[in-house]
């Protein structure tokens, strides 16, 4: 489906936009799967903290729900030290008991195991958070698969980003909180008979850290996809002519770019005046006898006739006939016509000269 869309798109920028989306989705799915694998390994492994008690020749591994111990012997062969590891003996953390005795020697290995029981609440909280991050990661993969079906919708990408962010927050909360809890003085140092031992982080702690990085990169890809979709929506008018289904993006109408409307010419705004641009007007020569300035001779027109004669478009056929002029004036203002009684026999009156000049 994505390949067909890429083939139909000819614009280089649009090809990068449409064809990059499935690639990013595949990368996000791979990163999320890696994060799920590391999270499951972290919750199943007992090696969150490891302490090697040399005087007892044992190595203790403490996890979230499981404690294990095994014998470790160091021998020298041909000038080289070789560690021999025995079988691990594991105990369920929440069922562990050290007997009926209220007094327990701090120098024995059982005392070190009892120390970790005081953090049972934290361990339960960590397991719940990791399980939630795994569920969120599975939801992310499901959404990625559904995005292939609804590839023209912003909602799957938004949900993908939210679930990836949730997985990242939960995983980072686990390994970040465990870092400070494990470095407390009563949990970090283990007292033996002749020495005090320092605990180290085991493989499970680093597994959870790698899972956090994987979820974070998947979240970053989701943010990048949202940015690309925003770019896609901004140029939707261009893509709709090239990609089928590009108009199905669920974007509010108010956010859609509106096309620019052309500004009509001036004569379309005022069609009744039939005006032309100034640079097209040709100044025709006029004879001195026909030039009459109404502004310099205001006594020739009454106040009510002047705006009418200025704005009225007289037909050319009626200019030579004074009767048609007065008929027009009579329809405009009867009182003015009675005051403008000029001789109709004289065709060269200043009024007619002025009308000829205006036409």
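Note that Cβ sites are derived from N, Cα and C of the backbone, with glycine treated the same way.
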Query raised in the report: If you check TrEMBL, which stretch out of 82-106, 157-181, 182-206 is marked transmembrane segment?
Result: 157-181
Query raised in the report: Given the ranges 23-44, 45-66, which one is assigned the annotation transmembrane segment in TrEMBL?
Result: 23-44
Report summary line: TrEMBL record, transmembrane segment, of the ranges 210-233, 234-257 the matching one is 210-233
Query raised in the report: Where else in the chain does the transmembrane segment (157-181) make close Cβ contacts, counting only residues six or more beyond its ends and a cut-off under 8 Å?
Result: 28, 32, 35, 39, 48, 119, 122, 126, 129-130, 132-133, 136-137, 139-140, 143-144, 147, 187, 205, 208-209, 211-212, 215-216, 218-219, 221-223, 225-226, 229
Report summary line: The answer for the transmembrane segment (124-145), taking Cβ pairs under 8 Å and residues 6+ beyond its ends, is 25, 28-29, 32-33, 35-36, 39-40, 42-43, 64-65, 156, 159-160, 163-164, 166-167, 170-171, 173-174, 177-178, 208, 211, 215, 218
